[in-house]
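As recorded in TrEMBL:
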- Cys25-Cys454: disulfide bond (DISULFID)
- Cys46-Cys62: disulfide bond (DISULFID)
- Cys253-Cys294: disulfide bond (DISULFID)
- Cys475-Cys513: disulfide bond (DISULFID)
- Cys480-Cys489: disulfide bond (DISULFID)
- Cys491-Cys505: disulfide bond (DISULFID)
- Cys521-Cys550: disulfide bond (DISULFID)
- Cys526-Cys535: disulfide bond (DISULFID)
- Cys602-Cys611: disulfide bond (DISULFID)
- Cys621-Cys630: disulfide bond (DISULFID)
- Cys627-Cys697: disulfide bond (DISULFID)
- Cys646-Cys672: disulfide bond (DISULFID)
- 24-74: domain 'PSI' (DOMAIN)
- 32-454: domain 'Integrin beta subunit VWA' (DOMAIN)
- 621-702: domain 'Integrin beta subunit tail' (DOMAIN)
- 726-772: domain 'Integrin beta subunit cytoplasmic' (DOMAIN)
- 1-19: signal peptide (SIGNAL)
- 705-729: transmembrane segment (TRANSMEM)
Amino acid sequence: MGLYQVFFLFLLMGKNGLCQVGGSCSKTVVNSCSDCIRSGPDCAWCMQENFTQPGEQETVRCNTRALLTERGCEPQKIIAPRNKVRVVKKLPLSESFEKQEPIQLSPQVIRLKVRPGSPATFRVSFKRVQGYPVDLYYLMDLSNSMKDDLDNVKDLGNDLLSALKTITAHAQIGFGAFVDKTVLPYTNTNKKKLLRPCDDDSEKCQAAFGYRHVLNLTPREQEFKQSVTNQFISGNLDSPEGGLDAMMQAAVCGGAIGWRNSSTRLIVLTTDAGFHMAGDGKLAGILEPNDQQCHMKDNLYYKSNEMDYPSVGQLAFQLEKNNIQTIFAVTENVQAIYKQLSAIVPKSEVGVLSNDSNNVVELIKTAYRKLSSKITLTHDRLPDNVQITYTPECQSAGPPGPDEGVCDNVKEKQEVSFNVTVVVDSCIKDTSFTIRILGIKDTLTVNLSTNCECDCNDPQDSQHQSCGGKGSLTCGVCSCQEGFIGRICECAIGKEDKDTLRKACLNADGVECGGRGECVCGRCQCHGNYHGDHCECDDEHCEKFQNQLCGGNGKCKCGVCSCNEGYEGSACQCKVSQTECKPPNGTVCHGRGVCRCSRCECDAGYQRPHCKTCLGCPDPCQTKLNCIECLGFNIGPFKGNCSKACSTVVPDTVSQLNKKGKQCELKDSESCWIKFSLEQLDGVDTYKAEIQSERVCPEPPSVTAIIGAAIGSVALIGILLLMLIKFFIYMKDVKEFRKFEKEKKKSKWTDGANPLFKNATTTTTNPIFTGE
């Protein structure tokens, strides 16, 4: 037995009472045998008549079997239902496959009837049948980058079937192909490109498609080779492909693919690219979620362009539901992506393809060995409040766990077992769930019910003697006739309402007799040493001192110590003395606290040991300022009522303050500085005050100087403004003069005559005139 198994067994034993003899029963509200059984797996009920004493509640009937026996309950009168595990159907495990349906998981049907909280364990066995049929569906990426791989796969028909027949004589192989949705942005939607998406015009190329089923599962390698030979490369735009679309259809279209009922189902997905998943369809405006249904027509997935890609969770669910195991044969560049996918998809393996897929046969053989040798026992959806734990028993066992049990390196015809422990947290209706081996068709159906009722075989006498002839007996408890109540129906209530009588027994918290007694005829009958109207008092549970109740110096009364004269304290542990509470030359705790147990309990804010100082109190300099004004200088708000308002302050006017007490210097109501000191006397708010006789008051301002200064300031400001205005006018004139001088220099004056001008008179010269 491994370390995990030993640890888990120890936990189970501890839960059932190994660490605590007889287990434990945590009772809450118990009014009947059924309530008791539901309280916990170790609770039992005593149905013995007259088991309870007068004043006791019927709750005492509910306890562990050991404590009930110790109290005097006869063993045959103890009701404690046990878990029942009944194997309904258990066909023997098959040795080999002989055409009939083999049995690999046993038992097939189990019925459990369990108590809430009590674990029920049963054993499940599995043996892998030798020669069990294998259906292998080869799903290939036919995008242009897989051209070399397709050429090699065309020659692999014989090798693939030969490899499968080394495993079983009943092998079948099929073929399917995928590329991607034929819409933008995944595929070029140009009409010519849809018909021929390959770039090289010389090579053969088939039209773009999403997923095509090519060949049904067949045992004939020639059919496989012929179907693959007729396939050609296609193409698309982006790198990720529609592999999840193809896997979903291959999983849910069982009739089209040809999966057999009794076979190991394998899908081998070969690709060199990643995959699109749920949500990617939005890029093409495809918003309808994948419905996980088969949509095949003429071997084509006809809703490829109408429905989004499936999510990884949807695909994992359908693969598990249809018992399909997956081998991802991928190139090294996308190995990490498919390893993450494999971690989510149950019973799947990842193998690395060579660049031209020539190692695919060996890859499939290796992956199949890993898948078939790992046995994983798990369950479908569990009912609410049901917990399950798997403990494998085999050489390479995984740890116990709540989700699955794993045995690795299991060979053909080797039998392995699992202990399955089921715990139900609370009472539930009849239900069922299924346990199965991942990738295998065989299942175990667990029919589950809870045992929450008591079968006490009560007598049918409605006037039983144990109930005073006024009631019937139900699991040892009297069910009284109308008009009677009590442990043995001894109380006749007449026309009184039973609930009205019970209300008289409720305490302030609404608990009947404080939970320490029983309400009989409207009055509490208290248990043990409890007393009072509602059993609220107890004279044995007061505080102790030196292991003595109330220190031996008092009496316990209703849970509180009443001390003898000369003693005090919650446990009467102190002698009455105030010596330690008196400071030198002072009163007890300075009048600001109470002396208890030779220790001052100070008023709020005051500090021990003698309540002298107060850290959180307001500053007395501020609070007593009005009284200082009144007492020292007869000013301030208390001026007319000084003696009454300031009766707690004892004043002393001095010329010079001493250094004793708190020194204060503040402005009074007339803005004068006054100095005083305060020394707190015994009591809460009593002070001795020393007040310096002289105040420091500021001299009043000179009105003449203020008026003169104001007039002078106004005159000065006026002169400055006039000078400033004169300065601006001068600067403007200077600017204009300079502008005039500049324009004058630019002017040019000439003496030339205007050719258009004609004088008013004409002068004629005589040519022969000599002037003589």
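Note that Cβ sites are derived from N, Cα and C of the backbone, with glycine treated the same way.
Where the annotation comes from TrEMBL, it is an automatic prediction and has not been curated.
The shown structure was predicted, so the numbers you read here are calculated from the model rather than taken from an experiment.
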Item to check | Pairwise Cα distance for Cys621 (disulfide bond)/Cys454 (disulfide bond) [Å, integer] | outcome: 79
Checklist entry - What is the number of other Cβ atoms found within 10 Å of the Cβ of Cys627 (disulfide bond)? => result 22
Item to check | Those disulfide-bonded residues of Cys454, Cys521, Cys526, Cys627 having Cα within 10 angstroms of Cys491 (disulfide bond) | outcome: Cys521
Checklist outcome for this item: Same chain, |i - j| six or more, Cβ under 8 Å of Cys480 (disulfide bond); the result in sequence order is Cys467, Lys470, Gly471, Gly486, Cys489
Checklist entry - If one measures from the C-alpha of Cys253 (disulfide bond) to the C-alpha of Cys454 (disulfide bond), what distance in angstrom results, rounded to a whole number? => result 51
Checklist entry - Roughly how many Å separate the Cα of Cys672 (disulfide bond) from that of Cys611 (disulfide bond), to the nearest whole number? => result 35
Checklist entry - Looking at the disulfide-bonded residues Cys46, Cys454, Cys521, Cys630, Cys646, which has the shortest Cα distance to Cys611 (disulfide bond)? => result Cys646
Next on the checklist: Measuring Cα to Cα, how far is Cys454 (disulfide bond) from Cys505 (disulfide bond) in Å?
Outcome noted: 30
Checklist entry - Can you count the other CB atoms that lie within 10 A of the CB of Cys62 (disulfide bond)? => result 24
Item to check | Nearest-integer angstrom distance between the alpha carbons (Cα) of Cys521 (disulfide bond) and Cys62 (disulfide bond) | outcome: 24
Checklist entry - How many Å lie between the Cα of Cys513 (disulfide bond) and the Cα of Cys526 (disulfide bond)? => result 7
Next on the checklist: Please list the DSSP helix, strand and coil residue counts for the domain 'Integrin beta subunit tail' (621-702).
Outcome noted: 16 helix, 27 strand, 39 coil
Checklist entry - Can you tell me how far the Cα of Cys602 (disulfide bond) sits from the Cα of Cys646 (disulfide bond), in Å? => result 25
Item to check | Count of other CB atoms lying within 10 Å of the CB belonging to Cys630 (disulfide bond) | outcome: 22
Checklist entry - To which of the disulfide-bonded residues Cys294, Cys505, Cys535 does the lowest count of other Cβ atoms within 10 Å belong? => result Cys294
Checklist entry - Once the chains shown are all counted, how many other Cβ atoms turn up within 10 Å of the Cβ of Cys521 (disulfide bond)? => result 15
